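What follows is a set of notes on a single structure, which appears directly below.
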Amino acid sequence: MSQISSHSQQDSTKRTDRQHLCNSTPSPSLSPAPPGQNCRAPLVRFIQMDNFRNMALPNASLLLFVLQMCAFAWQAWARVDLRMEDTVEVYMDYSAEIPCLYNFTKKPTTVMIQWFVRERDGRRVRISFSDLTMQKVDEGTSYSDRISVRSNSDGETLTIQDVKLSDEREFFCQVSGLAAGNDEGRTLLKVFDNPEPPVIEGVLSGVSVSDDSLAKIASCETREGFPKPNITWYRDHIPIHPANGLANMVTLVTRESSGLYTVQSELQYKVTKEDKDAHFSCEVSYFVPGAVRTSESKGINITVHYPTTSVEIWKESPEGLVKEGDTVEIRCQGDGNPPAPIIFNQEQSDVELDSYQGLLVLKEVSRADSGVYECHSLDADAVNHDEVVDTLQLIVHYLDPAVVVPKESEVMLKGESLTATCNALSSLETTTVWFKDGIEVGRGHIMQLQDATFDTAGQYDCEVSVASLPGLLTSGSVHIIVQGSPQMKDAEREIELTEKVGGWVNLSCEVRGYPKPTITWSITGSQSQSWREVVKRETEEQVQSVVMLKVTTDTVAVCNSTNDFGIETKTYSIRSIPFSQTPTARKTSVDNSGVIIVVIIVSILLLAILGSVFYFLYKKGKLPCGRSGKQEIINAYSTKEKTNKDDIVVEMKAKTEESVLLKGVNGEQKPPIDQNSTLSS
C-alpha cells in the first residue's frame with residue numbers, strides 16, 4: 001500500500017522566504033502566477049524596496065529584525081498538514097483517482113490548490129487550479145479533456161479518465177493558505193496491462209546428447225504486457241536456473257509502438273537421455289495492482305537423440321509353444337533414438353538372416369530351426385562403438401508319425417491273446433487313446449487283447465496327442481483278424497417245424513468264421529427240385545444263406561458250414577401234415593378281429609330269427625308250455641350254439657395258417673399263388 005506523506009512545519013520552514021512570498025499574494029483577489037510564469041519579479045521588487053529602506057533608514061535595522069522574528073513566530077504557529085499516497089496503481093483504460101487531503105492548524109482566509117504533473121523532460125506543468133471562488137482545469141495540456149477535480153471538506157481528489165501508459169508519472173498537489181500555511185505533496189501513478197498467455201514452441205529436429213555445446217530446445221513468448229513481464233523455465237515443474245555448461249536463457253525484450261512489452265526467451269540446454277520423457281514449460285510472471293500473477297504454458301516433450309546401449313529380443317508370435325509348421329515372428333528393438341539398424345543371425349553362424357525393421361519371420365519352421373538366435377544393433381553413435389547384442393532360445397516342438405506294432409494287420413486264433421503298441425517320438429509328453437468303430441476302447445501306449453473271439457476282430461485306431469500343445473496329433477491303426485471254426489449266429493442248432501403238404505417254408509443259416517466259411521445244404525425227404533436258395537450274403541468273416549422249401553413229405557434240411565478250422569451244422573426237421581389236419585407248427589397269429597365281429601353279427605341274426613320262429617309256434621299252440629318242453633328247447637339251443645362256436649374256431653385257425661404261409665423272407669409278403677410259409681430260425 002502507498003504511504004501518506006505528512007509535511008511538518010519544519011519542512012515548510014526549509015522553503016525560502018522567496019518561495020513564501022511567491023506563494024503568498026498580498027490580496028486574495030490576485031490570481032496566482034499562471035503556469036510556467038516566473039514568480040521572481042515581485043520578489044526582486046520587494047528586495048529592492050527593502051534595500052532602499054535600509055539605505056534610507058539605517059536606524060530601522062533593529063525594527064526590521066523584530067518584524068522578521070515575528071514573522072518566523074507566526075509561521076511556526078500557523079501550518080498545514082497535507083497527506084497524499086506515495087503511489088496509485090491502476091489498469092490501463094481504467095480511471096485513476098489521486099486524493100489530496102489537507103488540514104490547517106489555523107483557519108485560512110483563503111485556500112488555493114494547484115495540481116501539477118511532471119513531464120518526460122523533468123518540467124512541471126500545471127493541469128488544474130482552484131480556490132474558494134473557482135475551480136478550473138487548465139487548457140492546452142494532455143489532460144485537459146481527461147481529468148476532473150472533486151472537492152470536499154478534507155481536500156480534493158483528482159480523477160484521470162481512460163488511463164494510458166504515458167500517464168505513469170508524478171502528480172503534485174500544492175496547497176496554499178497564505179498566512180495559514182502552505183505545503184505540497186506528490187503521488188506516483190503506476191499503470192498496468194496484463195500480457196497475453198505464453199506460447200511455447202519446441203525445436204522440430206531432435207537434439208543429440210552427444211553435442212558438446214548447449215543446444216536450443218524451445219522458445220517462449222508473451223506479448224503486450226506492462227510493465228515488462230518476466231519468463232521462467234521449468235523441467236517437470238522444477239525451475240531451471242542458468243548453470244555453466246548445463247542451461248542458459250537468452251531473453252529479448254521489445255517495446256511496441258503502443259508502449260507495451262513483448263518478451264521472448266530461448267532455452268539453451270544440455271540434454272541427456274533422461275530428458276526423453278521430460279516435459280518443459282515456461283511461466284510468465286507480471287505485476288498487477290497490488291499483486292504479482294503468473295501464467296504457465298503447456299508442457300512440451302522434445303525429441304532426444306541418444307545412442308543404443310542395449311537391445312531386447314523376443315518372440316512376437318505365436319503365443320506359447322512353437323510346433324513344426326508354425327510361422328514364427330521374432331522382434332528385436334534397441335533403446336537408442338533414432339532406432340539403429342538391426343540384424344539377425346543364428347549362434348555360431350555369421351550368415352545374416354533376412355529381416356525388415358527389426359522383425360525376423362521364419363515360415364513353416366521345423367525342428368532344424370531350433371537354436372539360439374542373436375540380434376545386433378549397428379549404431380554408429382554407440383559409445384566406443386561397442387557391439388550391442390541380445391539372444392533368444394527358440395525350441396520347435398515336434399511329433400513324429402505313430403508307429404503301431406503289429407503293423408497293418410494281425411491274425412490270431414480264437415482264445416489267443418495279443419499285445420499291441422502305439423508310439424510316436426515327440427519333444428513333449430504324449431497321450432495315446434485307442435478306438436474301435438469310433439468308440440474308445442483303451443488308453444496308453446499298450447493295448448491288451450485277451451481271449452480273442454470273432455467280436456475281437458476289426459480295425460483298432462490309436463491317436464497320439466500332446467496335451468500341452470494342441471494341434472500336435474498323429475494316428476495309426478492295426479487290423480485284427482481272428483481265425484477259428486465256423487460259429488452259427490443262432491443258439492439253436494436243431495429246429496423242429498410242421499407244415500402242411502404243398503406249403504413253402506424259408507430256412508435261414510447265418511455263420512461266422514475265418515477264413516470265410518462255406519455253406520452247403522443237405523435236404524432229404526422232399527423232392528430235390530422242390531427247394532432253391534433265395535438269399536446269399538457274404539462278408540469277410542460272415543456268410544448268410546436262405547433257402548425256400550416246398551414240403552411234400554417229412555423233410556430234414558441240414559445247413560453245413562465249413563472252413564479250414566472245422567465244421568458247424570444246423571438241422572431243420574419238418575413234419576408234413578395233410579390238408580385235413582390242423583398244423584401244429586409254431587406260427588404267427590394274425591389279426592382276426594374282423595372275422596370275430598362278422599361271426600357275432602351272424603349269430604345275433606340267427607338268434608333273432610330262431611326267437612321269432614319259437615314265438616310264432618308258441619302263439620299257434622304247437623309248442624309245449626311245460627318246464628320239460630322249455631328245457632328241451634334250451635338244451636337244443638345250447639347244443640347248436642356250441643357247435644357253431646367250434647366251427648368258428650376251426651375257421652379262424654385255418655385263416656391264421658394261410659396268413660403265415662403268405663409271409664416271405666424278412667417279412668416280405670408272398671403272392672397267394674405260392675402258398676409259402678416263412679419260418680426262420
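Just so it is clear, glycine is given a Cβ too, placed from its N, Cα and C backbone atoms.
Worth saying up front: this structure is predicted, and the values here are computed from it rather than measured.
Listed ranges 619-639, 661-681; the one TrEMBL annotates as region 'Disordered' is 661-681.
If you count C-beta pairs under 8 angstroms between the domain 'Ig-like' (197-301) and each of 58-189, 307-375, 401-479, the highest count goes to 58-189. Per DSSP, the domain 'Ig-like' (401-479) is made up of 3 helix, 46 strand, 30 coil.
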